[in-house]
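Below: one structure, written as structure tokens.
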Amino acid sequence: MTASIIDGKKIAQHIQSTTAERVSQLKEKGITPGLAVILVGNNQASRTYVSMKRKACEKIGMHSVLIELADDTTEEGLINKVNELNEDNTIHGILVQLPLPSQIDEINIIESIDPNKDVDGFHPINVGRLMTGGEAFYPCTPYGIIEMLKYEQVELRGKHAVVVGRSNIVGKPMGQLLLKEDATVTYCHSRTADLAYHTKQADIIIAAVGIRNLITADHIKDGAVIIDVGMNRDDEGKLCGDVDYQNCLPKAGAITPVPGGVGPMTITMLLANTAESAERTLTRKTQS
Ligand code: NDP
């Protein structure tokens, strides 16, 4: 048996073209969805991510604004900028690119974003609503993974999903989203005793750690669906995930490659969340 390879690029393109249709419908109603990205300092990786996000926005007809602030920007200065965008009716999504310089507390910044424009889904209101229900934005990477699993028609109800990693941006919300889909969820992390004991029982494994080849063929059961979130570099500097892809391929039921798996889904769901935010303003207008 060889696993089917889940093509993240293809799924991302499909969702992006649906989002582009939503954008053109919104434009017909007089609203152009707008995403503002704030970049503080000169981190090269952040600059690359921001530029990819802006290009993706423009490609599907969204309005995009980049606000670049100096490395020595104060927390107050950044909050003032966020407040301006909170009040700006042409902006439906606000994203502050992380990490931030050390003089700025990330939590304070995330909490200053209007939850209705928090398209990253990191604000405590959105995190809370992910757990309790209600109108929320979901963090883009785990949201993209759920969409990917649905596109591939992977049954989640009643299945055992093991999430390796418990960060606020990937692991924790991933588990909650799987729970919403009626999966039985186990979280593993750096203090988990006997990782393989847990992963071997999984119908679905989500590896979100940042350690190359952490998940080997000995960690998985036959036919498991393996989603690799990790972004690491191999000895030659090539991008690779957390999963020993070549050795898991013959054993897994389905698997995401790195690159070309989860990666393209993250920006895609940022666009979908921004379109969603613009659609919600329209609903709020008709309700008031
Ligand atoms: P974090 O570093 O914030 O979290 C890593 C998690 O892995 C922690 O919960 C940690 O546990 C856990 N962990 C560390 N070592 C082990 C171990 N030996 N066994 C089991 N669990 C372990 O990373 P992120 O969640 O932000 O990102 C994870 C990976 O996903 C990274 O490679 C990142 O680059 C990538 N990523 C990819 C994205 C994409 O779009 N494709 C988007 C976001 C991230 P503990 O909590 O105990 O420390």
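Here the Cβ of each residue, glycine as well, is placed from N, Cα and C on the backbone.
Look at TrEMBL and you will find 6-120 tagged as domain 'Tetrahydrofolate dehydrogenase/cyclohydrolase catalytic'.
Here the domain 'Tetrahydrofolate dehydrogenase/cyclohydrolase NAD(P)-binding' (139-280) returns a mean pLDDT of 98 for the predicted model. Residues annotated as domain 'Tetrahydrofolate dehydrogenase/cyclohydrolase NAD(P)-binding' in TrEMBL: 139-280.
A sphere of 10 angstroms centred on the C-beta of ARG166 (NADP(+) binding site) encloses 18 other C-beta atoms. Reduced to three states, the DSSP call for ARG166 (NADP(+) binding site) is coil. The annotation NADP(+) binding site is assigned in TrEMBL to GLY165, ARG166, SER167.
Listed in sequence order, the residues VAL163, VAL164, ASN168, VAL170, GLY171, LYS172, TYR187, HIS189, ALA208, VAL209 complete the 8 Å Cβ shell around the NADP(+) site centroid, once GLY165, ARG166, SER167 themselves are left out.
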